[in-house]
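Taken straight from TrEMBL:
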- 6-22: transmembrane segment (TRANSMEM)
- 43-63: transmembrane segment (TRANSMEM)
- 75-94: transmembrane segment (TRANSMEM)
- 106-123: transmembrane segment (TRANSMEM)
- 129-150: transmembrane segment (TRANSMEM)
- 171-190: transmembrane segment (TRANSMEM)
- 202-221: transmembrane segment (TRANSMEM)
- 250-274: transmembrane segment (TRANSMEM)
- 286-307: transmembrane segment (TRANSMEM)
- 319-337: transmembrane segment (TRANSMEM)
- 391-413: transmembrane segment (TRANSMEM)
- 419-438: transmembrane segment (TRANSMEM)
Amino acid sequence: MELFYYLVFGGFGAVVLALELSKTSRDRISNTPTDFNSFKNNYLLVYSLMMAGDWLQGPYVYYLYSQYGYGKGEIGQLFIAGFGSSMLFGTIVGSLADKQGRKRACVTYCITYILSCFTKHFPHYKVLMLGRVLGGIATSLLFSAFESWLVAEHNKRGFEQQWLSLTFSKAIFLGNGLVAILAGLFGNLLVDTFSLGPVAPFDAAACFLAIGIAVILSSWTENYGDPSENKDLLTQFKGAAIAIASDEKIALLGAIQSLFEGSMYTFVFLWTPALSPNDEEIPHGFIFATFMLASMLGSSIASRLMARSSLKVESYMQIVFAISAAALFIPVGTNFLVPPSNVKGGSISFSGCIQLVGFCAFEACVGIFWPSIMKMRSQYIPEEARSTIMNFFRIPLNIFVCVVLYNILFFSFLKVNAFPIIVMFGMCSIFLFVASILQRRLMKIADTQTSKPQDWMGHKERQLEAEPLNA
C-alpha cells in the first residue's frame with residue numbers, strides 16, 4: 001500500500017488524538033451528575049450497538065448481490081427499492097413512533113433489520129427485494145426513533161439542555177466513527193480471514209441488534225409524542241405539515257437537512273469511481289477507515305464548539321456547509337486543471353490524491369454536521385410530532401437519492417463515466433452552498449425570534465376545530 005494512504009490516515013489519527021487529549025474545561029461539558037452520566041452511557045451503548053448492526057452490513061451489500069450473480073441493473077433496482085421503501089413505508093412506520101411509543105419503535109427497528117439480515121441467506125431476487133424494503137423501513141426508524149426517544153427522555157428527567165450536546169457529540173464520535181472502523185475490520189475478519197462468506201457480516205449484525213433489544217427492553221422507559229387516541233395517522237401527518245408550514249425555522253431546518261444528506265448519500269456512491277476513473281487499484285477498506293477517522297475529527301471539533309454556550313450552532317454551521325461545498329467541488333476543479341491520465345490500472349493518480357484529501361475534509365464536515373443538526377432539531381421540532389416531522393424531512397432526501405441512483409445506472413449502461421460524475425459533484429456542491437445560505441437565514445431568525453416549539457400546536461388545534469364549521 002502506498003505511503004500516501006498511511007500519511008493521510010496517520011495525520012488524521014494524530015489530530016484526533018491531540019484534540020481529545022488537549023481538551024480543557026472550556027472545551028468540555030464537565031461536572032455532570034451521576035444519574036445523567038448513567039443515562040448518557042446507557043444510550044451510547046445502545047446507539048453503538050445499533051450502528052454496529054448498520055455498519056457491518058454496508059460494505060458487503062453490493063458484494064453479496066454480485067456473488068449471487070446479479071448485474072449492475074438488478075443491484076441498482078434493489079438499492080432504489082431500499083430508498084423508496086424508506087420514503088414510503090418508513091415514513092408511515094416512523095411516524096407511528098410518536099403515537100405508539102418511541103421505545104417500541106426502537107425495538108421494531110431491531111426486529112425489522114434482523115429480518116432484513118435473514119433474507120440475505122437466500123439468492124432469490126424477490127426475497128432480496130423484501131430484505132431491501134425491510135431495510136428501508138429500518139433506516140427511517142434508526143434516524144428518527146432513537147433521537148426522539150433520547151430528547152424526550154432527557155427533558156422528562158429534567159436534565160439541562162446543554163448536556164444534550166454532550167450525548168449527541170459522543171454518539172457520533174462512537175457510533176459514526178469508532179464503531180464504523182471496528183465494524184469494517186470485524187467484517188473483513190469474518191469474510192477474508194475466517195472465510196465465512198459475504199453473509200457472515202449480516203449474521204454478526206443481527207447478533208448485535210439482538211443484544212440491543214435486550215438492553216432496550218431491560219433499561220429503557222417508554223415515551224410518546226402525542227398519544228391521543230382520537231388522532232389517526234392522517235391527522236398526525238396534517239399536524240406535522242402545519243408545523244412545518246407555520247414555522248419558518250422548522251421548514252429551513254428540513255431543507256438544510258435534505259440538501260446536506262442528499263449530497264452526503266450521493267458522495268457515498270461517487271467516491272470510488274472518482275478516485276479510480278481508470279480502474280486504479282485503491283484500498284477501499286483503508287480509505288473507508290480514513291473517512292471514518294475524519295468523521296471522528298469532525299465530531300471532536302463539534303463537541304468543543306457545542307461546549308461553549310456563547311457560540312451558537314446556527315452560526316458555525318454556515319461555515320461548515322461552505323467548506324463542504326468547496327470540498328465536493330474539488331473533483332470538478334481537478335477535472336479541468338489537472339491533466340487526466342489515460343493509463344489503465346496502476347496506483348492512485350495525482351488528481352486522485354488531491355480529491356482524497358478533499359473527501360476527508362468533507363467527512364470531517366459530516367462529523368460536525370450530525371451532532372449539530374441533532375442539537376438544532378432538539379430546539380426547533382415540537383415534541384408532539386418529533387418522529388413524524390423528522391421522517392417528513394427524509395422524503396425529499398430519498399427522492400433525490402433514487403434519482404441519482406437511476407442516473408448512475410443510466411449512464412453506466414451508456415458507458416459514459418466521467419461526465420455524469422463531474423456533473424453530480426457540481427450539483428452536490430451547489431446544494432451545499434444553498435444549505436449555507438439557508439443556514440444563515442435560520443441564524444438571523446433565531447437571533448431575532450425566541451424559539452417557541454409549542455406555538456404550532458395552538459395553531460393546529462384552532463385549524464382542526466374550525467374544519468367542521470367550514471364544511
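Any Cβ shown, glycine's included, is placed from N, Cα and C.
Only sequence-distant pairs (6 or more apart) were considered; of these, fewer than three Cβ pairs between the transmembrane segment (391-413) and the transmembrane segment (202-221) are under 8 A, so the stretches are not in contact. Recorded stretches compared: 43-63, 106-123, 129-150, 202-221, 286-307; the one with the most Cβ pairs under 8 Å to the transmembrane segment (75-94) is 129-150. Taking every listed stretch (43-63, 106-123, 319-337) in turn, the largest tally of C-beta pairs under 8 A with the transmembrane segment (202-221) is reached by 43-63. Recorded stretches compared: 129-150, 171-190, 286-307, 319-337; the one with the most Cβ pairs under 8 Å to the transmembrane segment (43-63) is 171-190.
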